[in-house]
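According to Swiss-Prot, the features are:
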type	residues	note
BINDING	Cys15, Cys99, Cys202	[4Fe-4S] cluster binding site
BINDING	His44, His77, His127, Ser230, Ser231, Asn232, Ser274	dimethylallyl diphosphate binding site
BINDING	His44, His77, His127, Thr172, Ser230, Ser231, Asn232, Ser274	(2E)-4-hydroxy-3-methylbut-2-enyl diphosphate binding site
ACT_SITE	Glu129	active site, proton donor
Amino acid sequence: MPAMDVLLANPRGFCAGVDRAIEIVKRAIETLGAPIYVRHEVVHNRFVVDDLKQRGAIFVEELDEVPDDATVIFSAHGVSQAVRQEAERRGLRVFDATCPLVTKVHFEVARHCRAGRDVVLIGHAGHPEVEGTMGQWSRERGAGTIYLVEDIEQVATLDVRQPDNLAYTTQTTLSVDDTMGIIEALRARYPAMQGPRHDDICYATQNRQDAVRDLARQCDLVLVVGSPNSSNSNRLSELARRDGVESYLIDNASEIDPAWIVGKQHIGLTAGASAPQVLVDGVLARLRELGAAGVSELEGEPESMVFALPKELRLRLVS
């Protein structure tokens, strides 16, 4: 039997928004001292969150868990206007680690709200990004309504108030194919519906989904490194399975079941946008222990995007 090899997806792992969010927490701790409070997990990865806890970050779900006069960081997923207003009312020092591509969606929702349009948000109920985006809507600013649609079946039962004054936005980490199907169904039902000037699904989500499909065409098993609460990581594993390949989402190398690789010749390996390279390296080491002989990296879409840090943290680092 030929030796088992490993194919690495490209790109994989951290995106620009995740890099920025983690760096904001690290620099805030370095420059202001611990503890620094973070509302929600700054990114959805257990390893990253545990590392930041050891450095002095305290993760909370609501601002009432943050003491007066403390510093709080908003996670990469974004927050509602109500959360921002509460932080301002209490005089908390805030650093905003919201991904700029999520902020773009927030601006779209606020713009439609001011214009009095109805808005359909395509996303997963309960996800913090969706909660933050829904929370950009204010009835005080406009006469429209915001609706959440999770799947194509819900389009058939959707009943908007203003079908001729309607727009849509999306969560940034969705399956590209599923989202396009929902948008097509919405357009068929509401032909006058407006869309964003540019796709709301972020470049990193698109690139990693394209890369995992490239893997699936060449492998008989795909492992995705990412935490169970990571939306984009879950989508990667789903896509591989949808393309007919056995796939598992794992937090780290310890979760690999040796039975998975029995009889497999080509193992594909990728990582969600919130999973660090050190976890990928650990999985590679474990696969070598289990008999993997060679490792190669597929060609993929180059990524060079960098998002600026908050000005105060940049200045503090220089000084």
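A Cβ is built for glycine as well, from the same backbone N, Cα and C atoms used for every other residue.
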Ser274 (dimethylallyl diphosphate binding site) versus recorded positions Cys15, Glu129, Thr172, Cys202 - nearest by Cα: Cys15
Other residues, Cβ within 8 Å of His44, His77, His127, Thr172, Ser230, Ser231, Asn232, Ser274 Cβ centroid ((2E)-4-hydroxy-3-methylbut-2-enyl diphosphate site): Val43, Glu129, Thr173, Asn229, Ser233, Gly272, Ala273
Alpha-carbon spacing, His77 (dimethylallyl diphosphate binding site) to Thr172 ((2E)-4-hydroxy-3-methylbut-2-enyl diphosphate binding site), which is rounded to whole Å: 9
Chain-internal residues near His127 (dimethylallyl diphosphate binding site), provided their CB is under 8 angstroms and they sit 6+ positions away: His77, Gln171, Ser231
Recorded (2E)-4-hydroxy-3-methylbut-2-enyl diphosphate binding residues, His44, His77, His127, Thr172, Ser230, Ser231, Asn232, Ser274 - maximal Cα separation rounded to whole Å: 15
Rounded inter-Cα distance in Å - Cys99 ([4Fe-4S] cluster binding site), Thr172 ((2E)-4-hydroxy-3-methylbut-2-enyl diphosphate binding site): 10
Cβ neighbours within the same chain of the residue listed as 'active site, proton donor' - under 8 Å, at least six residues apart: His77, Gly78, Val102, Gly123, Gln171, Thr172, Thr173, Ser231
Cα separation, Asn232 (dimethylallyl diphosphate binding site) to Cys202 ([4Fe-4S] cluster binding site) (Å, whole number): 10
Rounded to the nearest Å - Cα separation of His44 (dimethylallyl diphosphate binding site) and Cys15 ([4Fe-4S] cluster binding site): 13
Integer Cα-Cα distance in angstrom, Asn232 (dimethylallyl diphosphate binding site) to Cys15 ([4Fe-4S] cluster binding site): 11
[4Fe-4S] cluster site, defined by Cys15, Cys99, Cys202: further same-chain residues with Cβ within 8 Å of the Cβ centre: Ala16, Gly17, Val18, Ala76, Pro100, Leu101, Val102, Thr172, Thr173, Tyr203, Ala204, Thr205, Ala273
Integer Cα-Cα distance in angstrom, Ser230 (dimethylallyl diphosphate binding site) to Cys15 ([4Fe-4S] cluster binding site): 13
For His44 (dimethylallyl diphosphate binding site), the number of other Cβ atoms found within 10 Å of its own Cβ: 29
